[in-house]
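Have a look at the structure below before the remarks.
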Amino acid sequence: MCHAQSRCPNQLAKTIYSAVDSNPLSVYVMHPFWNSVVKVMPRWLAPNLITFTGFMFLVFNFLMLSFYDYHFDASAEGYTHVPSWVWVAAGLFNFLAYTLDGVDGKQARRTNSSTPLGELFDHGLDSWACVFFVATVYSIFGRGPSGVGVATLYYILWVVLFSFILSHWEKYNTGILFLPWGYDISQVTISIVYIFTAMVGVETWYEPIWWNFHYRDLFTFMILGCSFTVTLPMSLYNVFKASRNNTLKHSSMYEAFLPFLSPVLLCLLSSVWVIFSPSGILQQQPRVFYLMVGTAFANVTCKLIVCQMSNTRCQPLSWLLVPMATVVLLAVTGLVANETLLIYVWTAIVILTHIHYGVSVVSTHTHTLRSVSGEYTHTHYSGSGEQGGK
């Protein structure tokens, strides 16, 4: 988890939630909408239940598309396409998940039930949600001639994952969570695209927009453009500004960038498996591979969230990477001939490990946090919710 683990419960109990959300879409459109939604919610509805329900909508979307498009080829020409009602359901569920993620904190403030545990629960599930909405939206274009290659989507997934962890890296160094602009834009766009696909059919995406520029290229361009021209520059600027104002929590460059060590190693290990796989595991089992990578990333990120909330030093290396290095070695050297079985077993282990970690963290901190929940203070600037925001 984090160094000085025995001090984490007390440190978490004293945490101050400080967030900045300056996205115009969020401030002027979504917040007024969420404020209206939370007013009709019963006061007995627990904020953490709202958070979990929103997350489960994304999981259900992933499972639903897994049933109709397991290998991401259903949108290609010559294959049986996903039924239109599935796209409608995906759009509605995605927007419901986004809405519940926006109102959970508002419900916590409304019922005076905000706790650091709520913030941890919210952001912890958000880190896992990244892989579910990326893998689900991939089915719109698929891996056919007019779609996106599974290797391309794999690297796009990593761009999304690193964009997510940037916000928590900022908070680890500045003490303030700067909510990324790309999140709101992407969630609204994805929900609309799902519904639009149900109306016009996936065949619409076959045609180029202009010359040889297809919708798949626009999809890729929007994700990369948002990450490298908005999210990354804003994160670096916020940390630089804190450094200039002498408010950085970590003075040395090593300590400041320590949270990136485990995610980078995870990226390298999974990429080595992809590149040197004897059977082309990413081509054979893309959905399972994405799920494994996204879950392992969520586990690493949750440990960072615990450390930045408890003001403790980030652990240099996540222990999960040690057995993963062994698994990758067994795969690329051919010592385990059945790579498909290996990826299924390892993915199951990663998922169970992450769930066990989450349950352990909640169990460890629940008693302490409940006893001091009244002391939980919020410093909130136009954010989405005091429970932990988006």
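Glycine is no exception: its Cβ is also placed from the backbone N, Cα and C atoms.
According to TrEMBL, the feature transmembrane segment maps to 49-70 (among others). Among residues of the same chain six or more beyond the transmembrane segment (49-70), those with a C-beta under 8 A of the stretch's C-beta atoms are 41, 82-83, 86, 89-90, 93-94, 96-101, 103-104, 107, 118, 121-122, 125, 128-129, 132-133, 135-136, 139, 142, 287, 387-388.
Residues annotated as transmembrane segment in TrEMBL: 82-100 (among others).
Only residues 6 or more beyond the boundaries of the transmembrane segment (120-141), in the same chain, are considered here, and those with a CB under 8 A from a CB of the stretch are 12, 48, 51-52, 55, 58-59, 61-62, 65, 68-69, 72, 74-75, 82, 87, 90, 94, 97, 101, 104-105, 147-148, 153, 156-157, 160-161, 164-165, 168, 187, 190, 193-194, 197, 202, 205, 215-216, 219, 287, 290-291, 293-295, 297-298, 301-302, 305-306, 309, 354, 358, 361-362, 365, 385, 387-390. The feature transmembrane segment is assigned by TrEMBL to 120-141 (among others).
Annotation source TrEMBL lists transmembrane segment at 147-167 (among others).
Residues or ranges marked as transmembrane segment by TrEMBL: 218-240 (among others). The list of residues near the transmembrane segment (218-240) in space but at least 6 beyond its ends in sequence, with Cβ under 8 angstroms from a Cβ of it, reads 140-141, 148, 152, 156, 159-160, 162-163, 166-167, 169-170, 173-174, 176, 178, 180-182, 185-186, 189, 209, 248, 256.
Among the features that TrEMBL reports, transmembrane segment is placed at 252-276 (among others).
Residues 1-2, 8, 12, 120, 123-124, 127-128, 130-132, 134-135, 153-154, 157-158, 161, 164-165, 168-169, 172, 259, 262-263, 266, 270, 274, 281-282, 312, 314-315, 318, 320, 324, 343-344, 346-347, 350-351, 353-354, 357-358, 361 of the same chain lie 6+ residues outside the transmembrane segment (288-306) yet bring a C-beta within less than 8 angstroms of a C-beta in it. According to TrEMBL, the transmembrane segment annotation covers 288-306 (among others).
The feature transmembrane segment is assigned by TrEMBL to 318-337 (among others). Long-range contacts of the transmembrane segment (318-337) within its own chain (CB-CB distance under 8 A, at least 6 residues past either end) are made by residues 262, 265-266, 269-270, 272-273, 276-278, 281, 296, 299-300, 303, 343, 346, 349-350, 353.
Feature annotation from TrEMBL assigns transmembrane segment to 343-362 (among others). Taking Cβ pairs closer than 8 Å, the transmembrane segment (343-362) reaches residues 1, 117, 120-121, 124, 128, 281, 285, 288-289, 291-292, 295-296, 298-299, 302, 306, 320, 323-324, 327, 331 in its own chain, all 6 or more past its ends.
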